[in-house]
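As annotated by TrEMBL, domain 'BAR' applies to 24-287. Residues or ranges marked as compositional bias 'Polar residues' by TrEMBL: 285-303. Marked as region 'Disordered' by TrEMBL: 285-323. Taken from TrEMBL, the feature domain 'SH3' covers 329-389.
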Amino acid sequence: MEFNVRRLAADAGTFLSRAVQFTEEKFGQAEKTELDAHLETLLSRVESTKHWTEKIMKQTEVLLQPNPNVRMEEFLYEMLDKKVPMRANNHELLGECMIDSGHEFGPGTAYGSTLIKCGETEKLLGSAEKEFIQSSAINFLTPFRNFIEGDFKTILKERKLLQNKRLDLDAAKNRLKKARVADARSAELNSSPPLGEEYVAHFSYMLRFLHVRWLKAEIELRIAQSEFDRQAEITRLLLEGISSTHAHHLRCLNDFVDAQAAYYAQCYQYMVNLQKQLGSFPSTFSNNNQPAGSSSASISVPTAQPAASLPAPPPSQASPALNELRSTSGTRKARVLYDYDAASSSELSLLADEVITVSSVPDMDTDWLMGQRGNQKGKVPITYLELLN
């Protein structure tokens, strides 16, 4: 491998000069060129933007994925440049559990059918959550991350170059200052040179050397000043671009707010639809779930429209299936058309879409049948039922 010795020596000398200048500045032994106020303000603004962008990103990631272990796993997949495996979220897991339990208890039972409906809604909520997270990651987190990993790194690189150019400038100023002091001393000695030809020749050589050194230091200072001014201008132009970064982040923030609004509105609509499907629970079920000594009036929960406000059932009409049921005194399956709250202990409360067993009892009113759900029995109105084959 070939090495450019001169280039290597020059780089080493530059690095050593910067290190000496930086150390002397820290100990107060050397002067430091200060940046103009406008550039300092821009640097402070960029640092503040970077600081708060990172904090907003972190808190947004916590909002979208509260589980720190999952966040770490996703980070590792991203570092390895691998696709994150698809997994069910909490809403989807709860929905699957409810649906499985509903099928276990029986879709024809009130509890089973309600579990299935709730489970399906939970799965819809899970799907909406995934869409919201994906939209927020693309339209909000990605632009913020691009600033940290792209634009800010470029600014940091140019800022470091500006720092190096400033150290070179101050080191050149220091060398010129020392060269001027040495040249001034030589001028004093020139007014009374030492005796002897040998001393005169040596002294003349030293004067020429010091003068050349002073001229070289002045040239190096001009070059260093020019390079510093050029790098300061490049850095200033980059820093002034932070205003456009803020404008872009503002648009991303509006997109994030729109995504949140759409997500919560979608979730609200899903829950309203579920409430309409479930209707109002029968009073017997509500009492069983009510703690002893508590008052239902103390809990204010928005519910769907009660069954009492539903259209009145159609008038009773005798059908061939109903006549057959009454003549044989057997049992048939029937689907409930509407929610029904039992008015007395002899009646059976009903939930829409559940399937119960009905039979005809002698001397019972023709508008009623005897209904059975598990171990529960009671009278049910015929107009609320649809006999199944």
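Quick reminder: no glycine exception, Cβ is built from N, Cα and C everywhere.
The DSSP breakdown of the domain 'SH3' (329-389), given as helix, strand and coil counts, is 3 helix, 29 strand, 29 coil.
Summed and averaged per residue, pLDDT over the domain 'SH3' (329-389) gives 87.
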